[in-house]
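Annotation source Swiss-Prot lists active site, proton acceptor at Asp791, citing similarity to another entry. Annotation comment: Swiss-Prot describes Ile671, Gly672, Arg673, Gly674, Gln675, Tyr676, Gly677, Val678, Val679, Lys694 as ATP binding site. What Swiss-Prot records for 665-926 is domain 'Protein kinase', and it gives sequence analysis as the kind of evidence. Annotation source Swiss-Prot lists region 'Disordered' at 932-953.
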Amino acid sequence: MSSRRLGSSRARGRDLAHEVKHFGGLTKHLKKIIFDSNNCLTELKTSDHFEEEVISTLVLPPVADEIVGKVTKNPPALVIFGQTYTSKATLVNKIFREDLFQIVDDSDNNKTWRAVHLKYGSQRNTRLTLTNSFELLNEEPGSPVMRNSWTGIPRVEMLVKEEHQKDACMLSATTEATLNHPLLQCKLQILVTPHNCPGISISQAYNVCTHNVLPVLLYCFDKDQLSEENLRDLQELQNCAGTLPILFVDCREPSEPLVAHRERRLVEDAHEDFDDDSAYDTDERIEGERERHNGLDARLRRRCRPTPNDRPSVIDQLSRAGFISSPEENGRMRGVLDVFTIVNQVEDLHNSAAIVQFIRRSLQYYLIRCCTAMHDLHQHCMNLFITTAFDMQRDILVTPKRIEYARQRENELFDSLKDLTNQKQEQLRSLIQSTVADMTEDLLEQAGNYRFTDLEVSQEGKIQSQKDIKRCTEQIQDLVLARLNACVVEKLIGSVELLRESFLGTLQRCLASLEKIDGDLETSTTVALRQILNAAYQVEVSVRTSSSVVRIIWERMKEFFQSIKPFKTPTRVDTEWKRKVAQTMINNLDESKLAKSICSQFRSRLNNSHESFSTSLRQLEQKHSGRLEKTEEQRMKVRKVYAPRLARLALESTSLRDMVLYGMPKLEREIGRGQYGVVYSCRSWGGVTHCAVKSVVPPDDKHWNDLAMEFHYTRSIAEHDRIVAVIGSVIDHGYGGMGCSPAVLLLMERMQRDLHTAIKANMELPERLHVALDVAEGVRYLHSLGLVHRDIKLKNVLLDKHDRGKITDLGFCKPEAMMSGSIVGTPIHMAPELFSGKYDNSVDTYAFGILLWYVCAGHVKLPQAFEQCANKDHLWTSVKKGVRPERLRPQFDDASWNLMKSSWAGEPSERPLLGEVQSKLQDIYTKALAKREAEGGGGGGAKEQQNLKSDTL
């Protein structure tokens, strides 16, 4: 009997140990992902490719960062709370299948027990430690604390004596026990919370026992009811645990001891087949044995299921208090909840499989949270790279056009203003004349009321010296000139207001955008541009702020009055004298000469401003040229270095998450083989039945990067009826043994065949055209996302069971901004501009035209023009020279042939948009259906056409 129990103990220990060991292996992969991610992000932050506010977002959120730190740094631990000391001791003894905790009777529950920390050690040993990890050395030599030879942990080492119960240090001390046990050897730790310790609350015990570990919470009970104190403790525990689930373990003895004894014998017999050599067998064998044992456990549970009135109190109490769902719902939910919805549950102590399952799911919960957080960070970085690449490409394309636009608009403004000054001189003279006539009386009145400054004038208005008379005259002149200047210039501004509004607004916005791009460098060029605009074109501001334009008018008008001879010294400088001086000045104005002078000065100033503007714009263009070269270098580095590295990390993080959630897919028969991988069938994975698994073994970093980028673009595309959906991915690190590259398994929805096979199987023309319409719709969807497929061909179009087409193999698919001009694709489908390295999404239109040729031809033979080419180079040369597939009669009607020719036009600008292609192809498809119906080929044409219209809508 003892040998049977020992064998059963090892089997259960290995089962839980296997889960913990598996968790450790997955954690090791997670640590590598985090390490590589930190290195990559550190390099990004020091690269000066992104602004500070963008760099600040490349971090994990605080909550996610905390959980990632816990999972990667702390070992997993079972933290056992309980209703009584005996229930906790029973659970620990059940886990280890030996009496580590000695139980005398129920009186043990009234005693004070300190916390116990079980972890791995080469020898069995115990010691007392404080929270700060210092060992208590004040025990007597030879005391039980120093013993290292025991079967069960001595009670005296866990029991707090009465004389020590008022000693806070002794109460808070922890009994640390080391065991050489397979379960603890996997770095699992077990912590048992203190019992009946005065002054130590549940929250304090929780904080101490969960410190520096990754907790899995268990609460055991062995009484028929929970006391009010138990319920308060549970509520406090729930508040401390937050979102962490709690497993309630029923440690009560079975109601039928004899039946329980027979059931234990049956379980022991079932587990006895294990021996020491099979402790870490293959996953398949372990999983098979586990399923067999779970089946046995299920049968046993059915046999010992209690009656409805048999001890339901505790579960009802837990349900009413909200700690668990109702007993019926708890039974239905058990075993079917996914990891994201793991909840509190109740299990029987003897249902070890369910307990192990809860522990496994709790550990998975930690891993999934970490993997999800890391994957979200990787996705954020990838989206940032793509957005940045688009911004950089736009900057490279738009900046030269902005500079050219600014130059063109400035020239137009210069020519318009120059013509204005040449044509408006007579109007300007009339403007000055009318202005003077309108304001003469007002000027005379203001002159008569003027009070001289800095002059000594007697009360009678007498002036004694000729010098003072001259100064009085000058002040009257200044007054009249100032008023005259303001009115003349105000009307002068109105004559060029239309030009100012027509040219300056757009020109200023264009220059402002150029200066904003160069805003970090406050150079003389930027300042000069602003000064030129203010001085040359913003006439209103310059005049009103006493700029040089005002000074020009001021000085010229002063010259006209210099010839006025001073009056004889009057006896009185009164109002009449002031008005007379002002009237004399107005009478001596020469409007023609003044208008000519103003126009001449304005032309001179305009020419100088134009030359200065052109020089400054050339300097700005040179600066932007250097900056754009640096921008192109940054774009290439983002595309070639940072994006592939982060895409690979994103692939690894999501693959690890899928591995934790759904496990390794079981590969069945081979259903396809391509250049880069093999495709297998898979019965079910991740809740999806009938999957296809594409197994790829990247031989080097370049292939790894290409695969990662393909997966990123495929996975980031929203679900669409015309794109083959990717379900998930798993990385098999054990593929090929040590030192070999791991295999990447991409799981996709299972399709029936490809278009190449369908055409060989003599698919009818209307159905082939229907598939071509599906392809056009799928490519249009990719283009709407800014993606270019670059490899549209027959074998990359898969058909479902209804012969509807879906595009697959996005290995060459990229956003336009992320393309480097590399030559990719299938030679016969490659547009001529692909060989130059400068192309856009119209290459997909070209490839679609070639695909349409095969669709209408009804066979998969090479076009005769291409069949004569000896090799790829010969084929590419012919394509660049304009060689295209020939027209087949009578297969091609005029509409289909013209659509093909326009699609594969040599100039990308001459190719139609895919929306236009789809519209014309719809007409061709409708005619094909009508023709088949007219020939008696079937009555389903109208129905198919109606279905297609519905799909299109």
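Glycine too: its Cβ is placed from the backbone N, Cα and C atoms.
A map of Swiss-Prot features onto the structure.
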residue : record                       : Cβ within 10 Å
Ile671  : ATP binding site             : 15
Arg673  : ATP binding site             : 9
Gly677  : ATP binding site             : 20
Val679  : ATP binding site             : 19
Asp791  : active site, proton acceptor : 21
Cα-to-Cα gap, Asp791 (active site, proton acceptor) vs Ile671 (ATP binding site), nearest whole Å: 22
Predicted model, mean pLDDT over the domain 'Protein kinase' (665-926): 86
Secondary structure of Ile671 (ATP binding site) (DSSP, helix/strand/coil): strand
Gly677 (ATP binding site) in three-state DSSP notation: coil
